[in-house]
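Visitor: Sharing the record's features from TrEMBL:
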type     : residues : note
TRANSMEM : 62-88    : transmembrane segment
TRANSMEM : 100-121  : transmembrane segment
TRANSMEM : 183-204  : transmembrane segment
TRANSMEM : 322-347  : transmembrane segment
TRANSMEM : 367-389  : transmembrane segment
TRANSMEM : 419-438  : transmembrane segment
TRANSMEM : 444-465  : transmembrane segment
TRANSMEM : 485-508  : transmembrane segment
TRANSMEM : 514-535  : transmembrane segment
COMPBIAS : 587-597  : compositional bias 'Acidic residues'
REGION   : 587-620  : region 'Disordered'
Amino acid sequence: HNKLKQRGVSMAAAHSTVALIEEEASEDPWDLPELKDSGTPWSGEQNTGGKVLRVLVSVGKLLLLLCFLYMFICSLDILSSAFQLVGGKAAGDIFQDNSVLANPLAGLVIGVLVTLLVQSSSTSSSIVVSMVSSGLLTVQLAVPIIMGTNIGTSVTNTLVAMTQAGDRSTFRRAFAGATVHDFFNWLSVLVLLPLEVATGYLYIITKLIIDSFNIQSGEAPALLNVITDPLTEAIIQLDQSVISGIATGDPEARNRSLIKTWCKTFTNTTLMNVTVPGPENCTSPSLCWEDGNLTYTLKNVSETYNIEKCKHLFVGVALSDLAVGLILLALSLLVLCSCLILIVKLLNSMLRGQVAMVIKKILNTDFPFPFGWVTGYIAILVGAGMTFIVQSSSVFTSAITPLVGIGVISIERAYPLSLGANIGTTTTAILAAMASPGETLGNALQIALVHFLFNISGIILWYPIPFTRIPIRLAKGLGNITASYRWFAGVYILACFFVLPLGIFALSMAGWEALVGVGVPLVVLLVVAAVINVLQRRRPGWLPALLRSWDFLPLWAHSLEPWDRVVTVLAAKCCCCCKCCQVAPDDPEELGDECCTEPEGKTQEAGTYDNPSMSEEEEEAERVRKMELKILNSSRL
């Protein structure tokens with residue numbers, strides 16, 4: 001509707017130019033909206049019973065909000081398990097090719113794709129740790145993979161933002177609040193990966209830290225998992241060692257199911273006689289003897305006895321891992337979207353009037369001068385602390401995305417909270433690495449410290465100086481685009497998390513010649529286009545007359561409007577086809593052109609009128625407006 005209003009402004013000749021300028025200047029789409037209190041004021045309650053009822057309703061809403069938030073977090077955990085069942089073994093296969101991982105760009109893309117497959121950066125990181133611990137992968141080769149896991153984990157909150165596409169202004173803020181995390185990760189990799197390849201500074205610094213401190217093994221605390229595990233483990237439990245076993249080349253792991261069947265086992269190790277192919281396979285010459293054609297030796301043999309089965313819904317079911325994963329994927333997405341919608345509605349109901357003003361002031365107000373700069377760093381610490389509590393950056397960033405959408409948290413405040421989430425998830429990984437055995441503790445901890453130092457380096461690059469907070473500006477620009485063309489959000493997700501990584505992976509596999517020959521011209525073209533865009537806005541006089549605008553290019557090459565018309569027409573045809581399919585075959589009157597044409601007089605009911613004095617641009621805007629109204633009417637029907 002905002003788009004229709006903007007297009008209708010040019011057709012309303014009665015409005016003065018001064019009023020139009022004042023109206024546009026007074027409206028900033030990024031201003032936090034006022035959440036008006038539509039209920040009765042506390043002082044307006046006539047009796048004590050009404051006030052008691054209001055308090056009980058508020059407490060009930062708070063309990064419902066906590067319940068929905070709990071279900072939301074559990075659904076994210078189940079979603080991660082579902083993705084592991086669907087693509088976990090494929091993820092283990094991807095990690096097996098060590099020659100591929102030797103290419104830094106291929107390692108980066110593998111980290112992105114594997115994290116997308118399992119929807120858990122901690123799972124993909126644990127695979128990397130197990131490979132380094134077993135000697136199949138060096139720490140230097142693991143650094144780009146860890147950077148890739150940082151990118152892959154940021155897709156979850158971007159998908160969560162898609163559920164708020166119903167309202168343009170809400171979707172603008174929610175999508176920008178989610179993608180500010182994406183832009184930070186991509187820009188950090190763009191700068192730090194070449195720096196690491198050239199200097200190896202992340203490896204060198206973490207190696208010095210590991211060698212300088214006598215770190216003892218510890219145990220990672222299970223904070224929020226204590227609350228969520230009873231529900232999630234009653235639904236599904238996975239054997240995480242299977243994916244690691246496939247990645248490390250264990251042939252038995254490939255035939256095992258990811259679904260955990262036995263929760264209590266007993267392993268007994270005994271010294272017994274075993275046959276070996278020849279004397280060279282004996283444990284020692286003194287413990288080796290021959291009996292006829294057989295060679296025997298004494299060897300420790302471990303046997304595992306199953307004691308008690310797990311108690312979850314999918315124990316012993318006659319379904320494959322893929323089938324169980326698809327079932328859980330559908331159910332978890334349904335619960336996740338439902339909980340998110342209900343959370344947003346409850347927040348809109350609760351955050352009104354004075355309550356909304358207080359929360360907004362607490363979250364978005366800076367400290368007084370000269371300590372205003374401290375506020376952002378406190379937000380980083382808050383984000384790190386909250387992520388440490390929930391033990392998942394995806395959960396925390398996905399939880400604040402609807403708050404950004406409804407206008408409780410600004411983009412400028414969501415940015416440091418997301419940076420803190422990146423740090424919080426690495427501290428959890430550090431504690432988990434400290435639980436490793438003594439012989440593998442050093443390498444496991446070094447990889448966790450690489451992840452931590454990478455995020456700290458990114459914050460140093462893109463936060464301390466306000467001018468360097470480029471992710472905020474990029475996220476706002478993308479939010480403006482997706483508010484006008486909501487289909488572009490899907491294009492962004494597919495391009496950034498699938499097409500671009502796969503393209504880079506294919507070029508890196510083709511060799512450095514292909515990568516440089518294709519990649520360098522594209523990067524140079526993008527940099528030149530970005531510089532020209534900046535100069536067009538700020539210093540157009542520095543450019544030749546031809547480059548002061550992109551009008552010399554075809555319209556489809558510098559505007560989304562032609563693509564929007566294509567998408568609009570395709571969507572209209574799809575809606576018409578769906579409508580025609582729903583018409584009964586014995587209604588011949590309804591099977592004519594009415595399925596895909598606007599009934600006579602409907603456009604005038606919607607407030608549009610034909611005007612023979614319109615210019616070509618106004619007629620084009622009117623046609624697009626009618627098409628959008630046609631889609632709206634079709635969807636309502």
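Placed from the backbone N, Cα and C atoms, the Cβ positions cover glycine too.
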Visitor: Between 100-121, 367-389, 444-465, who has the most Cβ pairs under 8 Å to the transmembrane segment (485-508)?
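Guide: Top-ranked stretch among 100-121, 367-389, 444-465: 100-121.
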Visitor: When you check the transmembrane segment (62-88) against the transmembrane segment (444-465), do you get at least 3 Cβ pairs under 8 Å, counting only pairs 6 or more apart in sequence?
Guide: no
Visitor: Rank 100-121, 183-204, 322-347 by Cβ pairs under 8 Å to the transmembrane segment (444-465) and hand me the top one.
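Guide: Ranked by Cβ pairs under 8 Å, first place goes to 183-204.
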